[in-house]
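Colleague: Before we start, here is the structure in question, set down as structure tokens.
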Amino acid sequence: MAMNGIANGIYHEKQVKELCALHALNNLFQSRDAFTKGELDEICQSLSPHVWINPHKSLLGLGNYDVNVIMAALQRKGCEAIWFDKRKSPDCLQLSHIRGFILNVPSDYRLGFVLLPLRKRHWIAIRKIAGVYYNLDSKLDSPNVIGQLSDVCQLAEVSL
């Protein structure tokens, strides 16, 4: 089981199952109570109410939520997801209106300790805390200092 907690005043959830979208949202809002798996499952159901196999999450119910679930969850908190074209200059961002960033990055696929030749996607949160941007990726042992916006842009360019 993952250990979630606060280190140096920063809340950081660790990866469990395929719940990276849940962890990214909670890390972004800096609260373990921002969202629950049940709430995200409820959002999936509301997005596709009359289907037997829900297209917005894993067939096995382990998570793996899609961007539609993240966008709906953000709306429940009075926030909005804005798509950003990485070919644009980050200077066009109005940072005073941005709480943080959620990126969907490529991720290795492992079965235990065995690295499989498959790629999947992983949601991570980046947020500015006390004037510094942090990578709050749930696969990290603890939040990683990124630095300033230019460093965030560099990370996004390399990661995406």
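Cβ coordinates are placed from backbone N, Cα and C, and glycine is handled just like the others.
As the structure is a computational prediction, the values presented were derived from the model and not from experiment.
The domain 'Josephin' feature in TrEMBL is assigned to 7-160. Look at TrEMBL and you will find C20, H122, D137 tagged as active site.
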Colleague: Near C20 (active site), how many other Cβ atoms are within 10 Å of its Cβ?
Modeller: 27
Colleague: Between C20 (active site) and H122 (active site), find the distance joining the two CA atoms and give it rounded to the nearest Å.
Modeller: 6
Colleague: In sequence order, what residues of the same chain, 6+ apart, have a Cβ less than 8 Å from the Cβ of H122 (active site)?
Modeller: C20, N104, V105, P106, S107, D137, K139
Colleague: Under a three-state reading of DSSP, tell me whether D137 (active site) is helix, strand or coil.
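Modeller: Note: D137 (active site) is coil by DSSP, not helix or strand.
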